[in-house]
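What TrEMBL says about this one:
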DOMAIN    89-216  domain 'Palmitoyltransferase DHHC'
TRANSMEM  12-31  transmembrane segment
TRANSMEM  43-65  transmembrane segment
TRANSMEM  138-159  transmembrane segment
TRANSMEM  179-200  transmembrane segment
Amino acid sequence: MGRRIHFVVDPQGWCCISLVIFVWLYNTIFIPKVILFPHYEEGHISVVAILSYYFCSLFCVASLLRASVADPGKLPENPKIPFTEREYWELCNKCNMMRPKRSHHCSRCGHCVRRMDHHCPWINNCVGEDNHWLFLQLCFYTQVLSSYTLILDFCHYYYFLPLKKENQDGFVFRHELALLRISAFMGLIILGGISGLFYAQLMGIFTDTTSIEKMSNCCEDISRHRKPWQQTFSEVFGTHWKILWFIPFRQRQPLRVPYYFANDV
């Protein structure tokens, strides 16, 4: 569960994720070439700064690609419902299939997803029970990489010593100012948008509610038992080891979620 390749045929989603990959490639290629490597060669920064940038970039694109192709929790056509849990399932009025409560039918993908949070065009996939942890990692590492890029753009002009070995004949160095402004502009836009999204996602996990549940106002039942935040985060990431919450290169092992915590969507 959660290990199958999930490919959504959606031209709009393809355009969105292509734009995200372009921004990632732009900064991953441009920032080291113009800022990191030249300043390292002249002794202004250490190799740790270069390795840290590439690690952030690697973790960011890994979480992006895995979130976009991971099965978000698509329900099979003929799910096997345990007899003791039948009262916690319901019939979807769109696809006429049985589904667990807190599932939702995605009109763009055309099927129900367990504990669906929302459909994200920027990863061209739904965010559901099996890939929510990867989406959170994507938001986190995107913020880290954007912040790091903005800091390097600022330091290049206002903190680091001027470079002495610039190749003035190269296209990149002849248009350095324009390229840095583009990088800073993209960094500010992405950082602002992702920060708001990441905050909303964290609040949803703290309160054990999805974005769809918030919009449908179905979680206002004050009698519903609230779980500790450590448990809700462990259920999303599939492990109680907090260090593993930051590692995208692993397989998620779903934790058993008692159905008495479920609520209708």
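Glycine is treated like the rest: Cβ placed from N, Cα and C.
Helix, strand and coil residue tallies for the domain 'Palmitoyltransferase DHHC' (89-216), in that order: 68 helix, 18 strand, 42 coil [DSSP].
Residues 24, 27, 31, 34-36, 39, 52-53, 56-57, 59-60, 63-64, 67, 123, 180, 183-184, 187-188, 190-191, 194-195, 197-198, 201, 246 of the same chain sit 6 or more residues outside the transmembrane segment (138-159) yet have a Cβ under 8 Å from a Cβ within it. Counting same-chain residues at least six beyond the ends of the transmembrane segment (179-200), those with a Cβ under 8 angstroms from any Cβ of the stretch are 23, 26-27, 30-31, 34, 136, 139-140, 142-143, 146-147, 149-150, 153, 156-157, 172, 211. Averaged across the domain 'Palmitoyltransferase DHHC' (89-216), the predicted model reaches a pLDDT of 88.
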